[in-house]
Structure formats: C-alpha cells, structure tokens
Amino acid sequence: MKASLKEELIKARNGKYAVPAFNFDNLEMMKGIIEAAEEQKSPVILMVTESAAKYMGIDNVFAFAMDATEKSNVPIILHWDHGFDIELIKRAIDCGFSSVMLDSSLKPFDENVKETQEIVAYAKAKGVEVESEIGHVGGKEDDRDSKSNGYTDVNEAIEFDKLTQIDALAIAVGTSHGLFKGEIKLQFDLIEEIRSKIETPLVLHGSSQVPLEDLQKAIDLGITKINIGTDLKIACAQGLKDWFEKNPSGFDARQYGRNAINFVKEEAIKKIIAFRSNNKA
Ligand code: 13P
C-alpha cells in the first residue's frame, strides 16, 4: 500500500527502528525487495535514481512499481533518489512518485536552499514529500563520482531545515556511496547532536558495506531512513553468477531472474532485521 515518507519515518523514530530504503535498477531487484518486505512485514522505501529510471524508462518504472505498491499489503514509499536534474524531479512528481530527493548538496548553501524551496513548493502542491541533503555524502553516487566535503555543519543544518520545510534531511556523518569507502568512521556524536536540534527525520546515505552494528547505533541515535544501493546490486549479480555456474548452458530469463530475486531478497531481509523494521508494517 502507498504510504507517507514522513509518517513512516516518525513511526520509526518513536519505535526505535529505521525504514530500509533500497535502490532498484531492474524488475528482479524490485521484486526481491518487495518480497522481503512482505515476508518480514516491514515498511519499505523503493528508490530509483535518475540513471536507473532512464535505463528502465521513467513511465515504465512508475507503472510497475506503483502497481506493485498498491497491491502490496505493506507500506511502500516510491521515492525518486538523488535528483540532480530539477526538470526530471518535477517529472517524477507529476508521474505520481510518493517522495523525491533533490541533491544540490555540492552547491553553495543559498543555492541549495533556493532549489530545495522550489522543489518543496512544486511537490507540496501535488501532495508529494521531499528529502534534501546538507553537507555532502561523496563516493560513487548514481553515475557520478564525488568527494565528500566534510561532515554536515550543525548550524547550517538547522538553518537549512527551517528555511526549506522538507520532510526528511540527509546528513553527511561519515559514510560514502558505493563499494570502496575507505575507512568508515560514523560520527555518532554528530548524529546525536543534529537529532537533538532538528525534528525532521534524518537520513543516512551510503550505507552498504557499513557494519550492521554501526547502523544499529545510528538508529538508536536517531537515523530513521537508511539507504542501501550497492549491497543489493552485488546480491543481484551474485544470483545471476550462481545460476549460470550451475546451469552453464541455461538461457531461461525467468529462471536466472528468479535466482537473482532470491539473492536480493535474502540480502534485503538481513538489512530489514538489522534495522528492526520487521513486524512494523
Ligand atoms: P550505497 O550504494 O553505498 O548503499 O548508497 C546508496 C545510497 O545512499 C542511495 O541514495
């Protein structure tokens, strides 16, 4: 069933769990995520990036993901992740996505505020919720590579939150996107301080490959949305490799696809249980 991002994140904060936010790039990944959420009775955020939407076709992706959302018995939020292109974000809003993220975090503060305000005004008029980022989580993000520009500044975050009236705030606290993160040192004190000063639900990007105990500690301190992309891509690829190793001359897309779904599902279940969102639907 379709659900509200902010409502689910506030429930998570009160219940001391986080809602898993998983990226999908194809139908197999989407099915694995939804099957995991349904089996574990977990709310889930289904995320598509710009390049994933271009790969699948934005109207196709919306059609099959929204159909699956509406038919599901768990709360699902269909989310546009890392929007860099304002026109594409507006298209996602017009299409009917439940929430969108604008990522202008590498731009100067005033520009980030202005662009976020523009998206909030456009989205709110259509009942769509908005996430934006302050401070920059670097790494391999969608098709771009960037460096982190340090951690989120608390005062900037307070000001940004006040000026933009967003529904979820992504902060830079020591993670980065992609497979190769170098040393991961989550800034727990910073999460705690931001949480004590900002009511808007907090989002952790770049959470693949981060030890689950660290993510659990981050949840205890107030993170309510945890983004996972790379770990599910790895699972999908492993599912395919595993199937072809066992069936070297096989060619049935439904059979190798099913194995990819199973691997994605298993990985998603591990995260759901670690984030304690099971049985919260
Ligand atoms: P990872 O690929 O590092 O999990 O990051 C995903 C992400 O933050 C998507 O917004």
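Cβ coordinates come from backbone N, Cα and C, glycine included.
Asp81 (active site, proton donor) counts 27 other C-beta atoms within 10 Å of its own C-beta, drawing on all protein chains shown. According to DSSP, Asp81 (active site, proton donor) sits within a strand segment. The active site, proton donor annotation in TrEMBL covers Asp81.
Around the Cβ of His82 (Zn(2+) 1 binding site), the number of neighbouring Cβ atoms within 10 Å comes to 29. Per TrEMBL, the feature Zn(2+) 1 binding site maps to His82, His177, His205.
According to TrEMBL, the Zn(2+) 2 binding site annotation covers Asp103, Glu133.
Annotation source TrEMBL lists dihydroxyacetone phosphate binding site at Gly178, Gly206, Ser207, Ser208, Asn227, Ile228, Gly229, Thr230.
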Recorded positions near ligand 1 among Asp81, Asp103, Gly178, His205, Asn227, Gly229 (Cβ under 6 Å): Asp81, Gly178, His205, Asn227, Gly229
Ile228 (dihydroxyacetone phosphate binding site) CB neighbourhood, other CB atoms within 10 A: 26
Packing count at Ser208 (dihydroxyacetone phosphate binding site) (other Cβ atoms within 10 Å of its Cβ): 22
Binding-site residues compared (Ser207, Thr230) - the one with the fewest other Cβ atoms within 10 Å: Thr230
For the binding-site residues His177, His205, the one whose C-beta sees the most other C-beta atoms within 10 angstroms: His205
